[in-house]
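K.L.:
Below are the features listed in TrEMBL for this protein:
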TRANSMEM  88-116  transmembrane segment
TRANSMEM  136-161  transmembrane segment
TRANSMEM  168-186  transmembrane segment
TRANSMEM  240-262  transmembrane segment
TRANSMEM  269-286  transmembrane segment
TRANSMEM  368-392  transmembrane segment
TRANSMEM  404-425  transmembrane segment
TRANSMEM  431-448  transmembrane segment
TRANSMEM  460-489  transmembrane segment
Amino acid sequence: MAFVEGLNDKVGKSFIGKFFDFEGRKATFSKELKGATTSFLTTAYILAVNPRILADSGGPCIPPEEGGIFSPEYEGCMTEIKKQYVTATAIVSMFACILMGVCANLPVILSCGMGMNAYFTYSVVGWRGTGSVSYQAAITAVMIEGIIFLVLAVTGARIFIVKMIPEPVRIATSAGIGLFLAHLGLQTAEGLGVVVSDIATAVTLGGCPEENRTPLVAYDADCKDNGICVFSDSYTCDVLGGVMSSATTWLGLIGLFIIAAMLSYKKKAAFIVGIAFVTFISWFKGTDVTYFPDTDQGNARFEYFSKVVSLEPLSLITGQFTGDLKGVTLALFTFLYIDLLDTSGTLFALASGLGYTDENGDFPKSRWAFSVDAVSTSFGSIFGLSPITSYIESAAGVEAGGRTGLTAVICGFYFFISIFFAPIFASIPPWATGGCLVMVGALMCANLSQIKWLDPAHAISAFLTVIIMPLTYSIAYGLIAGMLFWYALQLTFKLMTVLGVEKPDFYTFEDKAVKEVEPEVPKEEVFEKDIE
């Protein structure tokens with residue numbers, strides 16, 4: 001204890017303590033270290049989840065004429081870029097965290113935004129490059145978005161843009177993204193395999209073992225006339241049965257249970273423990289849940305995993321820019337909108353919780369903080385990453401004692417160490433991270449309590465924003481639906497007002513509850529009671 005107090009005193013009086021204003025923010029080195037460790041433990045799952053999601057885009061992989069995107073060559077290329085994405089995610093997260101700590105002096109962790117990585121893969125580039133925008137064009141759009149965000153951050157125009165977004169849409173966006181992530185986590189490619197395809201109902205309950213999966217095909221002219229059918233990763237369990245009998249599905253659900261239970265007891269390492277538990281069991285060969293089955297693919301995975309430490313090259317994903325930006329306008333708008341909204345909400349919430357905000361709601365070095373987010377996004381695009389954003393999980397580190405930018409710098413050091421362990425992170429199975437996606441999605445729905453559900457205009461705009469995102473696999477479509485309905489209704493209300501029809505006011509649930517519990521008292525009675 002005396003050693004810790006002595007160390008805190010020395011660091012507080014050193015250049016580091018003065019640079020990060022330890023005295024003004026009542027910080028100590030031990031608390032900063034504890035805060036950084038806590039923040040890293042709650043965000044480190046991104047090193048496993050992000051590479052898996054981004055690799056699904058196919059990246060720069062070119063499908064051969066024979067076999068296309070389902071050929072062994074293409075599968076091999078996707079495996080390689082997933083390894084490289086582990087290293088890239090760690091490098092850019094390290095850079096962003098250190099920059100935030102040094103420039104803005106805030107205990108905020110940055111990495112690839114959850115939701116934006118899924119939007120990048122499944123809505124913009126498309127699964128295995130089947131979207132309308134090329135991988136190179138999408139990466140270039142991310143670079144441009146970062147530059148635009150930087151201009152808005154430096155000029156202060158970001159505040160006016162955020163205010164233009166309708167309140168119900170702004171509140172509902174995080175919940176919509178949360179459902180999108182949960183939907184991914186419940187499927188096989190990125191998660192538990194609980195939800196699978198169905199010919200009649202589009203989706204249905206799955207969880208069947210691999211030998212019971214019937215793949216769906218594109219029934220086009222070649223398939224009908226020549227028997228040349230294109231298979232996909234989508235499958236159904238209806239034909240051969242075995243619903244909810246998959247060992248990996250149940251193991252993944254146990255991981256989700258562990259995460260939820262630990263979070264209920266406010267254990268900061270919940271995500272890491274849940275993922276690690278499922279992963280560790282899945283690393284044993286010769287079991288029903290092994291990630292290394294006795295196949296060519298399974299043996300190749302185990303051979304790479306056995307290296308443990310490896311510094312992956314970034315040759316496949318670095319500098320993939322292009323001048324052909326056809327079809328990226330919507331993606332660029334969506335990236336910018338989500339980045340602005342997500343970063344603004346996170347930074348203002350954390351600064352307010354730390355007591356750093358002034359009477360106008362602003363906080364010291366706010367422009368620096370937003371600029372770091374923007375610069376990190378453009379920097380990340382060099383390594384083929386989707387937009388970088390500030391993580392609300394940083395609040396866990398703040399709760400643990402983090403008060404200054406040193407927390408972010410130390411977290412950056414943790415990400416630096418992670419650069420060398422790509423074989424470990426690349427060998428985490430999808431059913432280990434699926435529960436994490438579902439839990440993150442659930443937590444992102446907390447803002448829905450702020451929706452004025454008794455106001456139909458407020459309710460339908462928010463509801464459409466939320467429900468359209470997972471059902472169309474597009475965050476952009478959800479935003480468009482919510483905003484169009486809101487502005488169309490507001491225009492209608494204005495026209496009705498001109499015609500002499502006033503729009504009625506609607507109470508919130510809280511207002512309604514108060515009115516039911518405490519009936520309105522006439523002003524005369526209130527006045528008489530005050531006199532008494």
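Glycine too: its Cβ is placed from the backbone N, Cα and C atoms.
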K.L.:
Which residues, given as numbers and ranges, are at least 6 beyond the ends of the transmembrane segment (431-448) yet have a Cβ under 8 Å from it?
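P.N.:
Hits for the transmembrane segment (431-448): 45, 48-49, 52, 114, 171-172, 174-175, 177-187, 190-193, 248-249, 251-253, 255-257, 259-260, 263, 271, 274-275, 278-279, 282, 289, 462, 466.
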K.L.:
Which sequence positions outside the transmembrane segment (269-286), separated from its termini by at least 6 residues, show Cβ-Cβ distances below 8 Å to it?
P.N.:
41-42, 44-45, 48, 248, 251-252, 254-256, 258-260, 262-263, 292, 294, 302, 305, 427-429, 431-433, 435-436, 439
K.L.:
Taking the transmembrane segment (368-392) as the reference, which of 88-116, 136-161, 168-186, 240-262, 460-489 gives the largest number of Cβ pairs under 8 angstroms?
P.N.:
88-116
K.L.:
With CB pairs under 8 Å as the measure, which of the listed stretches 88-116, 136-161, 240-262 comes out on top against the transmembrane segment (168-186)?
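P.N.:
Ranked by Cβ pairs under 8 Å, first place goes to 88-116.
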K.L.:
Below 8 Å between Cβ atoms, which of the listed ranges 88-116, 136-161, 240-262, 460-489 makes the most pairs with the transmembrane segment (404-425)?
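P.N.:
Maximum Cβ contact count belongs to 88-116.
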